[in-house]
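Feature annotations, reproduced from TrEMBL:
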BINDING   452, 453, 454, 455, 456, 457, 458, 459  ATP binding site
COILED    710-737  coiled coil
DOMAIN    1-105  domain 'Calponin-homology (CH)'
DOMAIN    368-696  domain 'Kinesin motor'
REGION    764-788  region 'Disordered'
REGION    823-847  region 'Disordered'
Ligand SMILES: Nc1ncnc2c1ncn2[C@@H]1O[C@H](COP(=O)(O)OP(=O)(O)OP(=O)(O)O)[C@@H](O)[C@H]1O
């Protein structure tokens with residue numbers, strides 16, 4: 001409290017002194033706030049002494065104005081500012097203050113019932129409400145100008161002084177309490193932490209400290225309220241004692257006694273505060289309170305306070321322990337619960353995985369071709385506003401919008417195993433097909449083929465965009481690296497060999513893509529459906545043993561692939577490319593052998609010739625592409641309808657894919673579509689084709705996993721079959737060669753006879769005609785049929801087919817009659833025919849030895865097979 005505020009009413013104030021003390025409004029505002037907290041929200045500190053204020057009363061008139069406004073607002077008796085000036089009606093001021101006092105007492109007493117001021121019933125109010133109909137007080141005495149009694153002034157002065165002090169004391173107490181609580185908390189913590197390992201017993205956390213402090217605050221608030229009530233009662237007693245007003249000296253004594261007690265309490269609080277801070281009672285006692293009489297009281301108070309605090313601390317500690325044990329039990333319950341949940345969630349996960357596995361097994365058992373659809377993003381230069389793909393669902397559905405149609409027909413939903421939107425990355429695509437690819441290492445044949453219109457992103461998915469950028473690596477590269485790396489991790493258990501072939505079908509010719517000398521040899525396809533042999537055995541088979549090998553191979557393959565510009569794609573693939581990874585694995589302990597193969601097919605894009613505006617070579621390529629794709633469509637339709645005849649042999653593509661489409665392979669079709677509105681026709685036909693493919697059931701996929709012996713035998717069979725196939729082909733070639741050489745020999749033989757005479761046996765009835773020199777040749781030709789002919793010098797003797805009486809005739813041979821359909825007879829006597837005969841003999845012996853070696857190989861195999869219990 002500053003000096004101005006401390007300046008107060010003298011002991012026996014004159015009217016002038018009274019006015020001067022109150023005229024700045026500061027005291028009045030404080031008193032009103034005490035009686036009715038918050039009535040004057042803003043009290044301006046007095047800036048001058050009361051004597052200065054009296055000289056210039058307007059200086060602090062803000063407080064006075066606020067006070068009068070608040071008093072009027074509360075409908076209490078008020079006065080005018082001019083009443084505070086010299087010559088003003090000070091009685092009104094006094095009246096106002098007495099009214100305030102009366103109202104205060106009434107309120108302190110509970111505020112129930114009626115409140116009287118000056119003997120007149122003024123108001124009836126509920127306990128918490130202000131009087132709402134306060135009329136003017138009875139002012140007879142005031143108006144008569146009768147002098148105020150001294151005792152009345154005294155009471156007023158004391159009331160004002162006490163109220164003011166109480167307000168100051170309260171704010172001091174609040175500050176001290178705040179400080180005390182802060183320090184107390186700290187002390188408690190220090191004591192707690194130093195006294196016997198409490199950090200282990202006591203779970204210190206913000207919540208505990210908060211709870212503890214709020215309890216203390218509550219207790220002290222209660223104490224404070226009771227102090228306030230005590231003061232109120234005390235004032236009431238001294239100001240309005242039933243046995244008449246107390247004397248001035250009694251009142252002052254009682255008040256000073258009370259203030260003493262308050263001060264003691266205050267000092268005790270201060271001391272305990274200091275005690276807590278410093279821990280030295282004596283020093284503080286001496287410094288704070290020098291009066292020896294008070295020291296005992298204060299020490300006593302402090303002791304009691306400390307005892308209380310100790311008790312409180314012990315109770316708190318017990319309570320905390322209790323809570324601690326509750327919490328421990330709770331935590332244990334929660335731990336159990338969490339463990340139960342963990343178990344439940346892991347078994348849920350297991351069930352989900354099992355479901356997924358079962359679902360895949362069902363698919364595998366049915367031999368369903370899986371269909372994944374990928375939507376190409378809109379490319380720079382294409383309109384971003386219109387995309388034919390309206391919605392891509394999580395569950396494998398895709399909604400296509402056809403702006404050329406209206407109403408219901410403009411939208412169509414397709415459903416596949418998975419649909420990847422335009423933002424799906426290369427890595428995500430691979431992750432989704434990885435399990436399928438990895439099954440190659442367990443001996444499965446897997447085929448993944450990319451299908452779609454030209455420019456829809458097939459090559460992007462399969463080959464990737466740029467081999468130097470990891471994010472854009474395609475399925476081919478990722479798959480080989482993956483297989484190769486997994487095979488490395490299993491090398492302690494299984495010995496794997498991974499090899500790669502890369503071919504393309506360009507204009508119905510199979511070409512090797514892994515050649516480095518630029519050769520373009522045509523390769524043959526072998527139909528080896530029973531085992532996982534090489535379908536194109538003559539194509540380069542390159543073993544890979546490092547990621548770098550894979551990278552180099554893919555680079556060579558991509559370089560050799562034939563590409564060209566079309567209206568839809570600057571670098572359109574003009575061929576179907578097939579990358580085949582062969583995996584051969586042998587379990588080191590059991591000797592079991594796996595043979596898996598992975599066919600990664602990037603089909604050439606289907607295109608509408610009218611739209612693609614191609615000509616010349618491009619047109620020819622497009623025709624071949626479309627023809628082979630339509631052959632693929634025919635195979636798919638036949639498979640879907642479970643036809644007995646599947647037209648695999650109609651194209652090289654279907655021949656190569658035969659094992660994957662109709663065998664026991666796991667097959668995945670990656671359908672690609674472009675979002676361009678221009679391509680809506682192709683998009684719809686692609687998706688419809690994919691739906692048809694999805695309906696095919698091929699039967700369960702089988703793993704090529706055998707124990708060593710059986711697999712070796714099977715391999716032998718396969719090799720022999722291959723050899724047999726080759727030999728059959730050789731026999732065919734030999735036959736063709738023989739036929740042409742026979743023709744040649746016949747012509748040689750016939751030319752050798754021209755101009756000579758031959759003796760032939762003919763039916764008698766003909767002999768006469770034949771004997772005629774004019775028409776010998778045509779009938780002779782008819783009867784040249786056997787191979788039992790014998791020849792003499794310049795004469796050839798033939799047996800006649802029909803069993804008739806024969807006669808010999810000698811006929812001359814003319815040039816135009818030398819054609820013969822019969823096998824060539826031996827002409828031993830003719831010198832210039834001996835070479836022909838030798839050729840013939842050597843061909844025959846070759847054929848015989850070929851047949852013999854094949855038969856003996858087959859015999860060996862069948863013996864081996866008989867030995868094996870498997871057959
Ligand atoms: N997912 C994708 N993200 C970014 N660009 C892509 C994507 N798919 C395709 N493209 C781009 O689209 C263009 C055509 O793609 P791509 O050559 O792979 O099509 P395609 O179906 O193989 O065509 P074609 O059948 O004519 O060979 C290329 O420029 C390619 O980079």
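Here the Cβ of each residue, glycine as well, is placed from N, Cα and C on the backbone.
Just so you know, TrEMBL annotations are computer predictions that nobody has curated.
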Near ligand 1, meaning Cβ under 6 Å from any of its atoms: which of the binding-site residues 453, 454, 455, 457 fit that description? 454, 455, 457
Who sits close to residue 458 (ATP binding site): which same-chain residues at least 6 apart have their Cβ under 8 Å from its Cβ? 450, 451, 452, 573, 602, 603, 605, 670, 672
Listed binding-site residues (452, 455, 457), ranked by Cβ neighbours within 10 Å, top entry: 452
Using DSSP, would you call residue 459 (ATP binding site) helix, strand or coil? helix
